[in-house]
Amino acid sequence: MGMGRWWVVVALVVAAAAEGAVEVAPATRRNAYAAMMYMGTPRDYEFYVATRVMMRSLGRLGADADRVVIASLDVPPRWVQELKDDGVKVVSVENLKNPYEKQGNFNMRFKLTLNKLYAWSLVSYDRVVMLDSDNIFLQNTDELFQCGQFCAVFINPCIFHTGLFVLQPSMVVFKNMLHELAVGRENPDGADQGFLASYFPDLLDQPMFHPPANGTKLDGTYRLPLGYQMDASYYYLKLRWSIPCGPNSVVTFPSAPWFKPWYWWSWPVLPLGLSWHEQRRDNLGYSSELPVVLIQALLYIGVIAVTRLARPSLSKMCYNRRMEKSTILLLTTLRVVAAWSILAAYTIPFFLIPRTVHPLLGWPLYLLGAFSFSWIVINVFLLHPLAVLTTWFGIIGALFVMAFPWYLNGVVRALAVFAYAFCCAPLIWGSLVKTMSSLQILIERDAFRLGEPNQTAEFTKLY
């Protein structure tokens with residue numbers, strides 16, 4: 001009971017602070033598109049870039065509304081200033097304490113998503129369209145401001161999605177929501193999705209929203225047509241949009257965090273990944289990542305050139321051929337080191353590339369990096385180039401198979417990718433076996449000079 005009272009006091013203090021916190025600038029328009037930003041996740045920068053791209057795209061579409069970002073106080077000042085330079089109004093707020101952290105199914109990446117409730121405190125606006133950053137707007141959606149007090153899309157047949165919803169700001173509602181947090185209202189997932197679904201439990205029974213032709217605003221709650229939140233997974237089935245209800249206006253990506261559309265590896269793995277990057281290219285550009293991309297490319301080219309000119313080889317190893325146990329240990333060690341080196345050659349470049357760079361820059365840079373590191377492995381261990389680079393060629397082939405634009409539908413595309421992987425796997429396995437076998441041959445050759453401890457070291461030329 002004491003803990004419950006403490007939560008009520010905290011909620012009232014936050015509500016009182018919020019009333020003053022949101023008054024950062026007078027509204028210049030009656031309505032607003034809003035998104036939120038907070039810190040504390042491994043992907044803060046990516047969501048910042050995604051928010052800028054979305055807000056700029058709304059401006060290019062001629063949205064007759066303010067663009068607002070509800071930002072926690074720890075968002076870097078440089079990011080805040082860049083948003084303001086884009087014409088976005090920034091509302092700085094304290095993070096709302098999430099009372100559901102102790103739930104068994106709670107995911108820590110949703111810890112601060114309850115900041116979305118601050119949208120109800122934007123009382124200088126008649127209507128607010130609250131957005132997640134992973135939305136792609138295909139056309140102007142200002143008709144949404146005609147909807148009622150709360151409107152949302154049902155992507156799931158029974159639970160509405162909070163990636164886009166319309167609300168009428170109200171401090172009374174906002175304070176009541178904080179009270180409900182304090183008293184522990186049921187929340188299935190501990191995030192904004194579960195809380196709002198619990199707060200508006202009857203939305204499924206409400207009528208579908210159809211904007212009045214005369215531009216008047218509706219009262220009450222409504223379901224929004226699916227065309228306002230087209231789940232990208234619907235596209236992957238037929239490789240085209242076929243949403244019959246409502247305008248096909250907004251694409252959303254409620255997928256795994258590492259497959260959000262702004263990552264360079266999202267395309268061609270996910271066909272729609274390129275769509276987001278095209279919006280970024282048109283609205284924001286890639287000036288922040290290009291210097292890093294250029295430096296990495298030059299370094300990789302330098303590594304290839306130096307390795308080609310130096311032609312390094314293993315130093316002479318002095319072992320007695322009669323020491324069978326030492327020879328076996330040497331062979332085992334070389335196999336392990338070579339295998340891990342090859343794995344590192346294909347892994348390290350992936351993590352060095354700026355995550356939000358365009359896929360048409362990211363994939364060539366990855367392939368260049370993997371080739372340069374593989375070239376080092378080839379020369380150090382005196383391996384056959386084709387055996388080590390079989391995986392490299394396999395990755396190129398997989399990219400072409402996935403990027404092929406004329407598949408009939410997503411099922412055919414998935415089968416083609418599976419067939420390619422099925423045919424390619426034996427080749428990659430065979431190349432690995434050949435690589436391991438070649439190490440044993442090298443030990444028995446003069447390249448390792450086994451059993452000759454008094455000879456001077458030499459470099460072996462690799463042709």
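A Cβ is built for glycine as well, from the same backbone N, Cα and C atoms used for every other residue.
Automatic, uncurated: that is what TrEMBL annotation is.
Annotated signal peptide per TrEMBL: 1-20, in sequence order.
Cβ atoms under 8 Å from those of the transmembrane segment (290-307) belong to residues 349, 352-354, 357, 361, 365, 368-369, 371-373, 375-376, 379 of the same chain, restricted to positions at least 6 beyond its ends. TrEMBL lists 290-307 (among others) with the feature transmembrane segment.
According to TrEMBL, the transmembrane segment annotation covers 328-351 (among others).
Residues or ranges marked as transmembrane segment in TrEMBL: 363-382 (among others). Sequence-distant contacts of the transmembrane segment (363-382) (same chain, at least 6 residues past either end, Cβ-Cβ under 8 Å): 264-265, 293, 296-297, 300-301, 303-304, 307-308, 310-314, 334, 338, 341-342, 344-346, 348-350, 352-353, 357, 388-389, 392, 395-396, 399, 438-439, 442, 447, 460, 462.
Among the features that TrEMBL reports, transmembrane segment is placed at 389-408 (among others). Residues 239, 267-269, 342, 346, 363, 367, 370-371, 374, 378, 416-417, 420-421, 424, 427-428, 430-431 of the same chain lie 6+ residues outside the transmembrane segment (389-408) yet bring a C-beta within less than 8 angstroms of a C-beta in it.
Residues annotated as transmembrane segment in TrEMBL: 414-433 (among others).
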